[in-house]
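Residues annotated as domain 'Phosphatidic acid phosphatase type 2/haloperoxidase' in TrEMBL: 81-196. For 7-33, 53-75, 82-104, 124-147, 156-175, 181-200, 212-229, 241-259, the entry in TrEMBL reads transmembrane segment.
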Amino acid sequence: MAEQQKSAVVVASLWVWCIPLIPLSLAIAIYFGELQTPTFLLINRNTQILPDVIWAWFTFLGNGWGIYAICFPLLLLSPRLLIAGLFAASLGGIVSLIIKPLLAMPRPASILALEDLYIVGEPLLHRAMPSGHTITAFAVAAGIYFASDRDKRSSLWWIFIISSFAGLSRNALGAHWLTDVLVGSAIGVWSGMLGAVLVRLIPEAQLLPTRIGPRLLALGGLGAIYVMLTRTLDSALNQPLQYACAALISITLALFIKAQKSKAI
């Protein structure tokens, strides 16, 4: 237990663990202040200045398969960071699966008149809180950030900006309230921190390309290619991005196979 507490502090200072309380508190204030509808409509209407495809691509970053594909080159560059992101996304996903049915909160399309809001795709009606896409985006970002060496984190601040846009896209596309996104970001960051703690338990020797862990991740890449080429993730607008991701994974796998041969020699 003491060792786990030490790892948690090494990953982030105690006050950093409290930062997610900020969006969580803001979500509570908006909900009980009866500001859900005004904040949603404000974002939903003003984000229409950007093309739908932009917001669809940001939403893609909150899709489990999508973010896995985009982060897949980390299999070669830093498998520890890739695993941290996977741990984080898995933890966040479990929390989401538990909370969504318990709260069973309605989405904007089930409360507001459809002509009053802008929706891309089929209207989603149920299980609003929290936003699963936002959890995934922030979980992976936080997992990668906090699993990185402290002296390298200052150059990674931008991944939280990208995650914020991924969350904002859920409002822009008419799928979630702002409160769903705020709560999702809090859960995501906490999940990322825990993912970073867990990945520290893996010895460096187990992350070599010839070890079972990276090879299993490579097999996951094959699965991701299949998904990218055969399924539509969130929106048909993401199809070109899915093809690009399939190519990215293929290139990474080719280099990974080459690394296997190099190690064998």
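Every residue number used here counts from 1 along the chain in the order it is shown.
Placement of Cβ uses the backbone N, Cα and C atoms for every residue, glycine included.
With a cut-off of 8 Å between Cβ atoms, the residues of this chain six or more beyond the transmembrane segment (212-229) that come close are 65, 68-69, 72, 75, 79, 82-83, 86, 202, 206, 242-243, 245-246, 249-250, 252-253, 256. Residues of the same chain lying 6 or more positions beyond the ends of the transmembrane segment (7-33) and with a Cβ under 8 Å from any Cβ of it are 39, 146-147, 178-179, 182-183, 185-187, 189-190, 193, 196-197, 200-201.
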